[in-house]
Amino acid sequence: MNLLVDRIGELVTNDPARGRGPLGLLRDAAVLVEDGRVAWIGRAADAPAADRRLDADGRAVLPGFVDSHSHLVFAGDRAAEFAARMAGEPYTGGGIRTTVAATRAASDDELRFAAGRLREEALRQGTTTIEIKSGYGLSVADEARALRIARELTDETTFLGAHVVPAEYAGRADDYVSLICGPMLRAAAPHARWIDVFCERGAFDADHARAILTVGQAAGLGARIHANQLGPGDGVRLAVELDAASADHCTHLSDADVDALASSATVATLLPGAEFSTRSRYPDARRLLDAGATVALATDCNPGSSYTSSMPFCVALAVREMRMTPAEAVWAATAGGARALRRDDVGVLRPGARADLVVLDAPSHLHLAYRPGVPLISDVVHNGVKL
Ligand code: NIG
Ligand code: FE
């Protein structure tokens, strides 16, 4: 069975060799999908016959969103903390321990059901690839459990035992780091592709982060870092030093941080949902782009700092608040996310790529930022299957 997505008004391929500009835009196009892959792309007038047809009727089609940063495995919410912030309280990350307590108390099925619902919610909004972190278990058994559940939803799983030092290790950060680097990593690694550290004042310093990421890399995991979110620090430079796939947040950057990112393969992943929900200043995307850094956009979906699963919302924020052009933001939410996960089979539409497509209820990708808050995702094709 194959599927022809036909009569596409504007097709975003993210393949500059195929179409106009960095988004590789084609007009009046069609895409043939076979066995979960893109089999052919061309002019609608030249489209081959197919078993089934999805008529885009002049609407825009783009690669499915690649959300390269989320924390979907948790229990409870922190709506009261959000309300307190909107009344003037600052965000410090201290609420993470509240979610850790709720998550530890939840059953496997409760966690599975809650994470599965969020995954569905994201998929309906066009997210066809998602990275999911642990980080609300913070014991050997609870971190391994979170990763097992995450693995049921995605291949892009990340071990974040180094989210904060849990209450039972208060004042004994060195002991907790030893636990992470030994038994916790051994239990987590079989279920994870990546390892992440929250490198920030109040969480883990650069020496602890380096130790954890280095031992994780030796165990075969790729590195990523929560860096420079709440203040300036060493996270971004450490990410570049370790050839991490991504430095995430990047809100407080020095010139040296920007230069380091620009001359590296480490992607700057910006998470504007976090600034929105913590009422913080947004990262300076323009500065990163103008310096030549690769920028990705992701949701950071979590119950504390950014309880949104919507990539379209992040695109709109990036354009309005971070001075990205709509084309830059759409690229960052698709191809940029793929770079942050070191993938070349998603975030792009070319023969051989995974057949993940979003049909917008709009004639152009510009509408994602131009019509914020409007449900513009009319159809999603994931792995070649129309939802
Ligand atoms: O990426 N900053 C660290 N971790 C999450 C927030 C977690 C929470 O507040 O529960 C983040 O923003
Ligand atoms: Fe995060």
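Cβ coordinates come from backbone N, Cα and C, glycine included.
Record features (TrEMBL):
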type: DOMAIN; residues: 61-365; note: domain 'Amidohydrolase-related'
type: BINDING; residues: HIS69, HIS71, HIS226, ASP300; note: Zn(2+) binding site
type: BINDING; residues: HIS69, HIS71, HIS226, ASP300; note: Fe(3+) binding site
type: BINDING; residues: ARG78, TYR136, HIS163, GLN229, SER305; note: 4-imidazolone-5-propanoate binding site
type: BINDING; residues: TYR136, ASN302, GLY304; note: N-formimidoyl-L-glutamate binding site
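Listed binding-site residues: ARG78, TYR136, GLN229, ASP300, GLY304, SER305. Those with a CB atom under 6 Å from ligand 2: ASP300. For the 4-imidazolone-5-propanoate site, whose annotated binding residues are ARG78, TYR136, HIS163, GLN229, SER305, the maximal Cα to Cα separation is 19 Å. Secondary structure at HIS226 (Zn(2+) binding site), as computed by DSSP, is strand. Predicted-model confidence for the domain 'Amidohydrolase-related' (61-365) is 98, expressed as mean pLDDT.
ASN302 (N-formimidoyl-L-glutamate binding site) carries a strand DSSP state (E or B).
For ligand 1, the binding-site residues lying close by, meaning a CB under 6 A from one of its atoms, are ASP300, GLY304; the full candidate list was ARG78, ASP300, GLY304. When the binding-site residues ARG78, HIS163, GLN229, ASN302 are screened for a C-alpha within 10 angstroms of the C-alpha of HIS71 (Zn(2+) binding site), the residues that qualify, in sequence order, are ASN302. The number of other CB atoms found within 10 A of the CB of ASN302 (N-formimidoyl-L-glutamate binding site), across every protein chain shown, is 27. The C-beta environment of SER305 (4-imidazolone-5-propanoate binding site), restricted to residues of the same chain at least 6 apart in sequence and closer than 8 Å, consists of TYR91, GLY93, GLY273, ALA274, SER277, THR278.
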